[in-house]
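**Q** Once you've had a glance at the structure underneath, I'll fire off some questions.
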Amino acid sequence: MAGGAWRARVGAYAHAVTEGAVSGEVSPVEVLIHRLDDGLPLPAYAHPGDAGADLYAVSDVELLPGERAVVGTGVAIALPDGYAAFVHPRSGLAARHGVTLVNAPGTVDAGYRGEIKVTLINTDTKNAVRIRRGDRIAQLVIQRVERASFYEVDRLPGSARGTDGFGSTGR
Ligand SMILES: O=c1ccn([C@H]2C[C@H](O)[C@@H](COP(=O)(O)OP(=O)(O)OP(=O)(O)O)O2)c(=O)[nH]1
Ligand SMILES: [Mg+2]
């Protein structure tokens, strides 16, 4: 693409963003949700365009340095076939307190009907962290997922990377 056309395209995109065209409201997937705890809000997106809907803690929990705990969120969902939900850490909790998820991202299968739970861990080596009921402890990202058919072969086709990995390209 010529320089002028490229600049026009970038300009149009920037305009669309600042005018709010990237609103995150584009045909959301419908997900059935069952509240297991009437005292907590439903998961919600904090801003238009956010990828993750925040999940709330059902109970108080204190995490000593290095300690982990499985905390309920008070909700269960039924995803359409071909989707999965991923439980991701919140960056604020991670940066401020060192709290993340043991199994990040946790995978919620489309067929799972139980309570979504969060495996919190306090990675701070000195300070305990107190989580209170109602705190936003993680975020749920809903994505389309492919299922594979696995075909066993004796030899895989070649590729530029081959078997190199684990830092093979250097730092
Ligand atoms: O962070 C998570 C991860 C999983 N789950 C639920 C939903 C998921 O569908 C189910 C099973 O998760 P996974 O397959 O990761 O665990 P597993 O150890 O393989 O258990 P299973 O043998 O039940 O598949 O547990 C959560 O609530 N939170
Ligand atoms: Mg499993």
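Please read every residue number as a count from 1 along the shown chain.
The backbone N, Cα and C atoms fix where each Cβ goes, and this holds for glycine too.
Pulled from TrEMBL, these are the listed features:
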BINDING   ARG90, SER91, GLY92, ASN103, THR107, VAL108, ASP109  substrate binding site
DOMAIN    41-170  domain 'dUTPase-like'
**Q** Between the binding-site residues SER91, ASN103, THR107, VAL108, whose Cβ has more other Cβ atoms within 10 Å than any of the rest?
**A** VAL108
**Q** Ten-angstrom check, please: count other Cβ atoms within 10 Å of the Cβ of ARG90 (substrate binding site), all chains counted.
**A** 19
**Q** Can you tell me whether DSSP puts GLY92 (substrate binding site) in helix, strand or coil?
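**A** SS state of GLY92 (substrate binding site) = helix.
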**Q** Residues with Cβ closer than 8 Å to the Cβ of GLY92 (substrate binding site), same chain and 6+ apart in sequence?
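**A** Long-range Cβ contacts: none.
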**Q** Under a threshold of 6 Å between Cβ and any atom of ligand 1, which of the binding-site residues ARG90, SER91, GLY92, THR107, VAL108, ASP109 are retained?
**A** THR107, VAL108, ASP109
**Q** So, three-state DSSP: helix, strand or coil for ASP109 (substrate binding site)?
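**A** Going by the DSSP assignment, ASP109 (substrate binding site) belongs to neither helix nor strand, so it counts as coil.
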**Q** Give me the largest Cα to Cα distance among ARG90, SER91, GLY92, ASN103, THR107, VAL108, ASP109, the residues the record lists as binding substrate, in Å as a whole number.
**A** 26
